[in-house]
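Listed in TrEMBL:
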- 1-23: signal peptide (SIGNAL)
- Cys152-Cys187: disulfide bond (DISULFID)
- 248-274: region 'Disordered' (REGION)
- 263-274: compositional bias 'Basic and acidic residues' (COMPBIAS)
- 322-345: region 'Disordered' (REGION)
- 502-525: transmembrane segment (TRANSMEM)
- 532-583: region 'Disordered' (REGION)
- 553-571: compositional bias 'Basic and acidic residues' (COMPBIAS)
Amino acid sequence: MTRISLGLVTLLALSSAVSIVNAHEGHDHAQQKFNIPGDEEYSANAPELQDFKATSIKAPFLEQFADNWTARWTASEATKETTAEGEVFSYVGQWNVEEPTVYPGMKGDKGLVAKSPAAHHAISASLPEVVDNKDKTLVVQYEVKAQTGLECGGAYMKLLTDSPEGIKFKEFSNDTPYTIMFGPDKCGGTNKVHFIFRHKNPITGVYEEKHLQSAPLAKLGSLTNLYTLIVKPDQTYEIKINGESASSGSLLEDFQPPVNPPKEIDDPTDSKPADWVETAQIPDPKATKPADWDEDAPARILDEKAVKPSDWLEDELAEIPDPDAVKPEDWDDEEDGDWVPVSVPNPKCESNGCGKWVRPYISNPAYKGKWSAPLIDNPEYKGVWAPRKIANPAFFEDLHPSNFEKIGAVGFEIWTMQKDILFDNIYIGHSVADAEALAAETWEIKHAAEKKQEELANPKPKSLEGLPSFKEDPVGFLVGHLREFIELAREDPMNAIHSRPMVSAVLAAIIGVTLGLGLILVGLLTAAPRAGTPRAASKAKKTDEVTADDQDNEVKPNAEGKSGSKDEAALRKRTTVVEETDE
């Protein structure tokens, strides 16, 4: 029964979707073909890619991953220890420089690729010259292409702090000091573009990580995305994604913890006195319980003014056996017990109360409850205690945090569940114009080519041309996409699911809810047998003992003098006592 119900519910949901589409459109549509890379139609319409050309732009660091990249980049051989669990991870993720395999944007354009799924990756390169950003604008820009998507992993970049001892590239790990960490990170509830800079307290010598509080959402996918960070000597910053501003503000205001510590702090040696009173109100000690206060008075009493309605029918039952009920032909008295018709509401009680009338209860006007003294202001109250303030011995004021620690190297230290994350066209310098020019030579060209390839691989069918937006016509928008999904599914169901994931998800949700409601309905229908059915009667004949159902039941009225539903239910129970034959 359950399987049949589930199948019918599923077919009903799908047929309903088809009916909605056909009703909305009113006529047939030509079937669409879904193009994928490799198809003849796709190849015939694919954009012609430009050849990669190395840029002539100069910068303190500019990497396009041309030939001989291994001489500049060193993969880490370090281990990463998680002290809380005592686990040690090695940076075993493999790196390679290669052309993208998904939507290539230029011929011969290569990038640095994190090749291993579910692995820790670390790789770094020395800057030809140390970057000192004192009183300068800092620009950090690079491209990220998550070829297989990124559900859980990082794609951020670290600018490593220059050191007199030198940076140990083969030991590059999460513990390696960095000046700035910038870039996208996504996993679970985390989805942001990090901007973190390490800042040194000149008094204590302690470094703190300053995190951007309202970080913008990351943008990741099979198309190349461009991330740009600009920090100016006026202490302002701006984060751009694909050339558009995503976040901007002040280094002195938008980071946590703040760049500058407070001037005063709580005195760590101060403690609350033993006699300090923080209770603002207390029971009035002079108050006494009034002599007429009756704590034993009940909350409800019988309504002595209530009168039984003149049309009350004490000799009538609220429910009676259905006079139209007919004993089923396949009813077996020996197997199923004595047949008892189902009960129905007594028509005589539709406008009158039935059963024994009982005086209703009302609220007791004399009821006051348990007495307690009223509250008064506590004369000993001193307020909420707080430690006294003292001058912060670690206080300093840095009005130019944009003068970052000197940068000596760049690296990627990430963990990712997905593979084939590609990085390219890294710019670290001081010119916004040069960074924009590099983006025009690289990202703008290949992003346009990638977008065209994506459109060819996921063509918008002719049936959707002129489709209104969701805001203009929600019903027309949804029905149009649903119709197009069904047309694709008629030719290739799996192709329709993969190419139209949004519609697939909506349909799955609708079917899931429908199935859930179907299961609930089946459960309700099968869990409790109705009176008068073979199953109900067979259960009723299993005892010869007298039960509470065999005793007289009285109908108690409610406050309005009507019979209560709780007591009426008791009258519906009828148990047939059947003698069982000893075997």
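Positions of Cβ are set from backbone N, Cα and C atoms, glycine also.
A quick note: this is a predicted structure, and the numbers were derived from the prediction, not measured.
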Item to check | Per-state residue totals over the compositional bias 'Basic and acidic residues' (263-274) - DSSP helix, strand, coil | outcome: 0 helix, 3 strand, 9 coil
Checklist entry - Taking residues 6+ outside the region 'Disordered' (248-274), which of them lie with a CB under 8 Å of any CB in it? => result 197, 199, 201, 208, 210-214, 231, 235-239, 385-392, 394-399, 401-402
Checklist outcome for this item: Cys187 (disulfide bond), Cβ-centred 10 Å count of other Cβ atoms over all protein chains shown, is 14
Next on the checklist: Below 8 Å Cβ to Cβ and six or more residues apart, same chain only. Which residues does that give for Cys152 (disulfide bond)?
Outcome noted: Lys186, Cys187, Gly188, Thr416, Met417, Gln418
